[in-house]
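Asks: I am attaching a structure below and will ask some questions about it afterwards.
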Amino acid sequence: MGILSAVNLNLHRIQFFNSQRWKSIAQTLYLLLKPVAALFICQCLVLIRPLSRKLGNYPFLIITIQTLFYPIQATVGGQIEIIYESLLGTIIGLGWAVGSKFLAVIANRNGYSGAAVLAIFLTVGSFISGYIRSRYGYRSMCIMWIFIDCFLMTIDPRGKTVPSSFYTSLVYPSLIAAGVVFLVSLFIPPTRMASDLVGNSALSYLDELMNCLNGCLQGFFPSVDTSSSSYSSSEEYRLTNYRTVLRDRLKKFSSDLRNSQFELNFSFIPIGVLKDIESVLHRTSLAMSANVAACVSLYRAFNFSHYHNHAESKVSESSSYSLRDSFNGIDSDLFTPHFRLRGNPTLHSSPRPQPSKDVFKIYLDYFSQNVNDISNRLMASLQTSRSVLLWLISSSPEVPDEQILENISSLSEENIKENETIRNAIKMAFELSRNNRTFTGLYMFAADEDVFSISYYIFNLFEVAKEIRNLLIKLLFLKKFRTKRRKFYFHTFSILKERGRDHDELHVLSTPFASHDIPDSGNSVEELVARGEEHNWEDNSKNTESLSFSGKVRKRLPRFRSRLWKVSHWLIQSKDVKYGLKMAAGISLLSIVAFQKSTAHDYGEWNGQWALISTLFVLEVTVSATLRVGFFRALGTLSGAVYAYVAWEISRGWSYVIASLTFLVSWLSCYIMFRTSYAGVATVFNITFPPILYGAYLGNKSSSFHLAVFRFLDVIVGIGMAIVVNIVVFPYLARRVLTKEIGKACQLNLQLYNTMSEYMLSSTHHASTSLCDDMENQIVFHLLKAGDLLLLTNMEFRLKGPFPGKLFQQLIDKLGIMTGRLVILNKVRARFGPYLYQEVVENVIRYRKSLIASISLTLYILSHSIMVKSPVPYFLPSSRNAHWNLRQAIMKDIQIKTGFSSDNPDDTYVSDESSPTALSAALWLHGNEGVLYYYAECQVIEEIVNDLEDLLMLVKRINGEEKKPKLWNEKL
C-alpha cells in the first residue's frame, strides 16, 4: 500500500505540473494573439497582387511600418497614442520631402543642382529630428520623419518633374498599417483599457505590501531556530528582497500610469482618479522600506550566532578590551584611518553572554502585544484598501463607507495611544535592565542597542500605519468619482508636462536617459544654459539714452559677448545638439552616394536607402547603446535574410505556402519580441524578410538571393557608419555618464542632509515633508538614470578590463537605501518635543555639530571620489565615533542633573551596574513623550553610519585602492 500511495502521489504531482504548464502556454498564446494577428493581416495584404500594384513601389513597407512604428501596446489608449505620433511623423516627413523636392525641381529646371538642395534638406532634417528625439523623446515621430525622407529624397534627385507615386508610395502603407493595428486593438482579445492596466498594477502593489508587512512580522517574532548563521543570512536576504520587489511594483505602477496618458477608457473611473493615489503609494512604499530596514536591524540584534553558548568570562576576555579601546569615553577620536572603516566594533556584533538571549526575548515580549494589535489593524486596513480599489476599477461588490471609516478610526486610535503604550513598554524594559545584575560595563550598552532596534522598528511600524490611514482617506474621497455604469473617457492629462520624462515606445534599448531633464527650481545661468533658455544679461539699472553712439556700442558689446558665450557654451555642452549633429553627419555621409551623379544608379540598384535607415535606427546617444542596437540589428538582418531565401525556395512563389510559413514564424518572432529581452532581434527580423520574400513574389528583377545579400550588406554599412560616427564625433560613453549621475545623487544626498541639519539647528527643528520628498525624487531620478546606464556599459570596450558592474549596482542600491533613511531621520526629528529637543540637541550642541560635520565631510569625500576617481584620504572623519560622543555627552549631561558624579574618568562612560547608562537616562526623561523618538534617531543614525562606511569601501574597490596600505602604524 505504501508503494501504491507513493505512485499515486507522484502521478498527481505530474498531472498538476502538466496542467500548470499547459495553463502557462495557453496564457502566453492568448497574450500573443493580438500582435500575431496584426502582423499576419499585414502580410496577407501584401500577398494580394492587385492591391500591392496600386500601392506603388514599396507595398512590403506595410509590414515594416507596422512592426517599427505601430507596435502593439498594452492598452487601447496607448495604441491610439502611438498611432497618432507615427502619423504625425508621416505628415511632417511627407511635407518636408515635398517642399525640398519642389525646390530641387525648380533648381534642376533652371540649370542648377537639385541634388545639393535635397542633400542639404535631408541633413538639416536629420539634425532637427535628432535634436527633438534626444531632447523631448518623440522617438517614433522623429524616426518616421527621416524614414520617409530617406526613401523619397533619394529617388531621382535630378528629375525635373514630381511623379504622382511620390505622394502615395509611403503614405498608403502607413495608413493601412495604422488602420490594421487600430482594428486589431479594438476587436481582437485581450482588449485592455487604461484603468485595467493601471488598476491591476495598483492591486499587485497592495498585495506585495501585505506580503512585505507579513514578512516583517515574522522578523519581529523570530524562533529559536534562528541561531544558525546561514539561516540568519537567508532571512536577511528574504527581508531585503521584499523591499526590492515592492519598489519594482511601484515602479511598474508609475510606468503604466505614464504610458496611459493618452486615454481611451471604457470604465467606471477616469485614469486621473488613479493618478491621485500615486503620491500616497509612494509615501507608503518609503515607510514600508524603512520598516523592512528596521526589521533587518532587529533581526541582526536577535541573531544569537555571535554570542550563543559563550560564557561571560570568555566574552569579557575577548571583547572588553577592543570595545574600550575603540569607544574611549566622551572624547573618542573624530578621525580614523580608512583601512579601519569596518574595524570599529559595534555593540550588536560583539560577543555577549548567554543570558542576553533571555533578556532580549523578554524585551520582545513587552512589545509583542502592541506590535500584534497594530499589525492586525494594518492588515485589515490593507484588505479594505484593496477591496475599495478593486471596486473602483471593476464590478466587484462595493465596500461600505462605514467599514472604511471604522478602519480609519482604528488606525487613528492606535496613533493616539502610540506615545502612552510605547512609553510604558519602554519603561518596563528599562526597569528590567536596571534591576538586572547580570550585565555590567559595556554589556549594559549592548542592552541599550537592543532597545534601540526595537524602538526603531516600532516607530517605523507606526509610520506605516499613518500612511495606510492616508491611503484609506484618499480612497474614501475617490469613491464619489465612480459611476454606476461604465463610460467612455477619451482625453489626456498632463501630456505636455510628462512627455519628455520617460517616453520611449520601442524596446530596442534606445536612450533611456533622453529628455530626462529634472525641473530645477532655480534660474542660475548654468541651469538656463543646460536647458537652452534665455537669460536676462541686460543691466537696466542705467539709462542708455544719454550715452553717445560709441558709448552705446561699448555698452552693448559685453552683452553681445556674453550672449555669444552662452550660445557657444550651450552648443558645446548640450548632448541633444551633439546627438543631432551626429545624426546629420551619419545620414549626410551615406547619402553622398545617392546624390552623386556617378553613383546614383548603383545606389538604386543596391537599395542603398536601407543603409541610411540602418544608421537612423542604430545611432543612439551613447556608444554602448549604439553597439548593442547594432549587434541586434545585424543578427536580426542575417536571420531575416536567411529565412526569406529559404522560404522563397520552399514556396516557389505559391502564395498559400508563403502565408502559412509567415504565420508560423510570426508566433516565434512575436514571442521573442514581447516575452524575452531580445526584442530588437525579432523586430529587425520582421522588417528584413518582407522586402526580400515579397519583392521576389511581386516580380522583382533581382533574385531572392541577390536581394538577401544586398540587404545584409546595406545594413552592415549603415551599422558601421553609425558606430564610427558615434565613436569619432562627440563620443558619449555610458560609464562616464554613469559616474557623473552617481556623483550627482551623492551630492544631492549631501544637500539633503545639510538642509535637514540646518532646519534642525533652527527654530523649526525639522525640514518640511514636501521639501524632503522633492529632494528625494531628484535623487531617485538620478539613481534610476544610473541604473539604466549601467545596463549599457557591458557593450562598451574597456582596455582596463571588465567594467565593475556589480560594484556599481551595489553603490546605486546603497545610495537609494541611505536616501530613504535620511527622509526617515527627518520624520523622526519632526516628532521631537521641545523638552526632548533641549536635552538631546541644545544642551549638547557641540557634539551635534561634530556629528553633522563628520557625516557631511564623508558625503563630500564620497561624491568627489566617485566623480573624479580620486583616492580616499588616509584619515577620514569617523561618524561612528562622533555619534558615540554625542550619546555619551547626553548621558554626562543627565548625570550632572541627577547628581551623579565620579572622579574616575572611566566612569564617564561605564563603571558598574550603578552608573547611569542611556537606559537610565531615558528613565530620567521618561516623563517626556518623545523618548521613543530619541532611540529611533539613534538607530537610524547608526544605520546611516553603516551605509557611509559601506559606500566608502565600495568606492575604494571601484577605484582599485588596496584594503590596507603597505606601510601603516598598528597604533592608529
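Yeah, the Cβs are placed from backbone N, Cα and C, and that goes for glycine too.
Taken from TrEMBL, the feature transmembrane segment covers 29-48, 55-76, 82-99, 111-132, 167-188, 607-623, 654-674, 679-697, 709-734. Residues or ranges marked as domain 'Putative ER transporter 6TM N-terminal' in TrEMBL: 114-306.
Describe the structural surroundings of these features, if you would.
Replies: Long-range contacts of the transmembrane segment (29-48) within its own chain (CB-CB distance under 8 A, at least 6 residues past either end) are made by residues 59-60, 62-63, 66-67, 70-72, 176-177, 180-181, 184-185, 188-190, 655, 658-659, 662-663, 666-667, 669-671, 673-675, 686, 690, 694, 697.
Tertiary neighbourhood of the transmembrane segment (55-76): same-chain residues 34-35, 38-39, 42-43, 45-46, 82-83, 86, 89, 140, 143-144, 147, 151, 165, 168-170, 172-174, 176-178, 180-181, 184-186, 191-194, 196-197, 256, 259-260, 264, 505-506, 617, 674, 683, 686-687, 690-691, 694-695, 698, selected by CB-CB distance under 8 Å and a gap of 6+ residues from either end.
Residues 65, 69-71, 73, 121, 125, 138, 140-149, 152-153, 162, 166-167, 170-171, 174-175, 178, 181-182, 262, 505 of the same chain, all 6+ positions outside the transmembrane segment (82-99), place their C-beta atoms under 8 angstroms from a C-beta of that stretch.
If you look at the transmembrane segment (167-188), the same-chain residues 6 or more away from its ends with a CB under 8 A from one of its CBs are 33-34, 37-38, 41-42, 45, 55-59, 61-66, 69-70, 72-73, 76, 79-80, 83, 86-87, 90, 94, 98, 144, 148, 151-152.
Tertiary proximity for the transmembrane segment (654-674) is limited to same-chain residues at least six positions away from its ends with a CB under 8 Å from its CB atoms, namely 28-29, 31-32, 35-36, 39-40, 43-44, 47, 72, 507, 643, 647, 681-683, 685-686, 693, 697.
When Cβ-Cβ distances below 8 Å are used as the criterion, the transmembrane segment (679-697) is approached by residues 39, 43, 46-47, 52, 59-60, 63-64, 67-68, 71, 506-509, 607, 610, 628-629, 632-633, 635-637, 639-641, 643-645, 647-648, 653, 655, 658, 662, 669-670, 672-673, 703-704, 707-708, 711, 715 of the same chain, each at least six residues removed from its ends.
Beyond its flanks by at least six residues, the transmembrane segment (709-734) meets 575, 578-579, 581-582, 585-586, 589-590, 606-608, 610-616, 618-627, 630, 633-634, 637-638, 641, 688, 691-692, 702, 789-790, 792-793, 796 of its own chain at Cβ-Cβ distances under 8 Å.
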Asks: Let me spell it out: take the transmembrane segment (607-623), skip the flanking residues so only those 6+ beyond its ends count, and list any with a Cβ under 8 Å from a Cβ in it.
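Replies: Apart from its flanks, the transmembrane segment (607-623) reaches 68, 126, 134, 143, 146-147, 150-151, 154, 508-511, 513-514, 575, 579, 582-583, 586-587, 590-591, 593-594, 629-630, 633, 691, 710-711, 714-715, 717-719, 721-723, 725-727, 731-734, 737, 789, 792, 796.
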